[in-house]
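Visitor: This is the feature table in TrEMBL:
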| type | residues | note |
| --- | --- | --- |
| DOMAIN | 83-139 | domain 'PAC' |
| DOMAIN | 269-329 | domain 'PAS' |
| DOMAIN | 345-396 | domain 'PAC' |
| DOMAIN | 638-690 | domain 'PAC' |
Amino acid sequence: MVDNFLSQVFKSLPAPSLVLLADVPKFTIAEVNDAYLDLVQLTRAELIGKGFYDAFPNNPYNRVPPWNNLLEKLVADGLPNQSPVSKYILPPRDGEQTVVKYLLATNTPVRNEAGEVSHILRTVTDVTEMTLARHTHSPFTSEKFLDETLRIARVGSWEVDVINEVISWSDVVKEIHEVPADYQPDFFTTMDFYRPGEHRDAFMQAMQETIVSGRHFDLELVINTFRGTEKWIRVTGKSEIVEGVCTRIYGVIQDIHEQKMISQELLRSHGQLESLIQTVDGIVWEADVATFEFKFVSDQVRNILGYTPEQWLNDPMFWENHIYPEDREQAVRYCHRETREMRNHAFDYRMLKADGSLVWIKDVVSVIRENGEAVMLRGIMVDITEAKRLESLEHLEKVVLEMNSVKHTPLRSVLEKYVRGVEVLFPQSLCSLQAIENNRLRNLASPSLPAAYVSALEGLEMGPNSGSCGTAAFLRRPVVVSDIATDPRWDSYRHLALPHHLLACWSYPVVLGDETVATFAVYYNRIAEPGEDELKVIERVAAILKVIFENKQNSELVEDVNERYEYVNMATNDAIYDWDLQTDHIEWGDGFFRVFGDEPSPTRYPLARWAERVHPADREAISESLGIQLADPQQHKWSAEYRFRKNDGDYAQVEEIGYIKRDYLGRAVRMIGVLRDVTDRFRYVSEIEERNHKLQEIAWMQSHVIRAPLARLMGLIDLIRNYPHSDSERNELLDHVLTSAHSLDEIIRDISSKTEEV
């Protein structure tokens, strides 16, 4: 009943109206009243059920933005809107002329119980009379319009005559758009000037809103001029609404391109400066020159000190109170003095971080002056902790290594000096150096640790869960324990550390070859995690400790070798030498002076001095042989025998063997060898050779000289025994026997004489 009544009321409304479904994008016509049917001269059957745009295909405004999307906009934002005045040419009635109507449509949302837009009520107002009246009296040509334009405009004026569909631009607006003087804009071309996207949409939205509500708009947008130039403009405007109908829109356009570019450049420069300040690896600051109260602190304060800029700026005494007490008075006094003298200055001091640790700061200060007076302080605080630490560490290393190089310096003294120095580098730290002997900890240097704790650690066995040092020694890698109270590696040992308020321990092993020889540890009385720079320093400390232990080991080895060398020198008659070819100096062992004479050792013993003592008959051949061997990169050994003059002028027969050391280019740089006196051996060999010669003579005599008389004797005896002879023949044979016997006796005597000589 109620619905039927409302339907009748709607149909009887004097204002032409229709109801559309909110079915984007069709917008189906659901209902239409009689006044609307009379206005458009269509039947209900021709409209009901059709899409709105399909029902009126010839309406030009249905195809022109932003008017063509007013219905979509209403569904999207749920707000009523209004179309421009549209010109309609109605078909002639019977016997009548064509009728022209100027219509204004208002769209109103209708919501369902859920609050959603379900229908749109479109009401049409006939503004034909008002429109026709304005054809003969345009405000654009009136004094009133000029006054309004002059009041609003700053550069050029524009107007949209909604009734007559005319857009007017002043000469200045045409110049801004770089169009010819006779250019006549229309709605389509005007929209095309605005940059597509955000800028064009903003202008269209502003126009729609001012048509509906009369709202003034003021926008800064980019246009593309007729010549293709991009230009920033400021466009302002508002609408004139008469009896609820928007009849015109007017406003001004200002060329703001140059100002916009300057503004953007300033913003960009400011942004870059601010970005630069915030990314500079230091605390950029600004302070009052009189009170030293800070006005600006960059975000780097978070990274360097662990505080926020707000914490600093809210405390006028923040800077002074956070300077390390030992540095505070000197730093503040120096800064005040230099500021009074209006001198830029830089100084180093330590500051307290939020976690209680220390950081070295280099503060570079500029005194800003105006008219000869200081008005502001600006500066940058740079974290130089690592540089300071490395500088101190280098000095400490130099002192310790020099100390270690001094012969017979106790190792414990060197190590304690080093450990104490490292503790200075890490304020509030307690350092410990433990030797590893038979897989157990033995204290070497722990100058600041409680004596009771050091004693408790003595002899503890290393293992996978043996605190920090025992575990580091066992695993042969660094072990960082930031909280002794909770770390499982300290389960069996925390009762030793916690009573002494030792809460953190970082340990680094010192490894020689495959053996852990020591561990270096840093303790803290607070829970502490090492930073990257601290780990680097600890690693370097361990490396220097490795050098110290290696030097100690090598020193002991060298001492042992030198001792053996001395014993060999004392026990041998050989002359050991070391010839440096680059300096041409021969270093002789003690055997040289024992064998060849007690000659004082000169400060320099060149090869020429050695050559002078080689026998003249041997000198040329020996020098040539040595030169050939040294020149050949493939040769590494030289040996020779020659005669060498002793200190008493006699010549000794010597044998020399030298081993050649070469550089990477194969050049001989050093020769180490031995000069051996073989005179006795040479003499003995000569005597043996002479004896052998005599023995050979004896053997020859035995085999040849004795043989002749012996053969005669044997022959004569055979004649006497086996053949008959007369007495005279027998006597003659016996005489021959006697002669041969005498001859044999003579030979035997000669052999005996020679045998005695042998």
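Glycine is treated like the rest: Cβ placed from N, Cα and C.
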Visitor: Could you tell me the mean pLDDT over the domain 'PAC' (345-396), as a whole number?
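Guide: The answer is 89, the mean pLDDT of the model over that range.
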Visitor: Pull the DSSP breakdown for the domain 'PAC' (345-396) and write it out as helix, strand, coil residue counts.
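Guide: Secondary-structure composition of the domain 'PAC' (345-396): 12 helix, 32 strand, 8 coil.
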Visitor: Per DSSP, what is the residue count of the domain 'PAS' (269-329) in each of helix, strand and coil?
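Guide: Each residue of the domain 'PAS' (269-329) counted once, the result is 31 helix, 11 strand, 19 coil.
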